[in-house]
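**Student:** One structure, as structure tokens, below. Some questions next.
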Amino acid sequence: MSSSSDDEIIVRNPYTTPESNERRSSRRSHVSREQESKNRALEEMKRARGAGTVHRVDVTNLVKPVYEEVDEEEYMKIVQERQRDDFVVDDDGSGYVDHGDDFFDDEQHNTRKTKKSKEKRNDTLDKAKRKAIDNFFHVLNPKKMKEEVSFLLFSYFIANKVKK
């Protein structure tokens, strides 16, 4: 390797003070993942705009299925595997087992409970309405009512005496 006087290699020590045109920060620049993904998306959009194409995100990779569609045979296999598995870990052989009934039994129990609960709800609503009406009449001032009735009776008698 030959050395020429025109080639000059500059090696900068990172621990020394930076030159006037360089700026070195004592803090790390921290960009959150969210901001980083936004920046990447913006860069992709800029590249697409510069190339004259349309930027479209491939959504098929982003959407994950909520449930798996299976046919009847596969479902029966899944239920049988569930029945074989221990329902409760470390149950000391007490016999907690999943019989694979899923939600069928719950519907029968719920219908019985809902009829009773509807009746109870209706009873409590009726009681509440009765109490509300009773409270309405109790709130009225009985002295004021007596004064009004006596005034009405007095005016009635005066009106009838004047006519005679």
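Each Cβ is built from the backbone N, Cα and C atoms, and glycine gets one as well.
Sharing the features that TrEMBL gives for it:
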- 1-52: region 'Disordered' (REGION)
- 31-47: compositional bias 'Basic and acidic residues' (COMPBIAS)
- 42-105: domain 'DNA polymerase alpha catalytic subunit N-terminal' (DOMAIN)
- 98-110: compositional bias 'Basic and acidic residues' (COMPBIAS)
- 98-124: region 'Disordered' (REGION)
**Student:** For the compositional bias 'Basic and acidic residues' (31-47), give the DSSP counts of helix residues, strand residues and coil residues.
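**Tutor:** Taking the compositional bias 'Basic and acidic residues' (31-47) as a whole: 15 helix, 0 strand, 2 coil.
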**Student:** Average the per-residue pLDDT over the domain 'DNA polymerase alpha catalytic subunit N-terminal' (42-105) and send me the rounded value.
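**Tutor:** Its mean pLDDT is 78.
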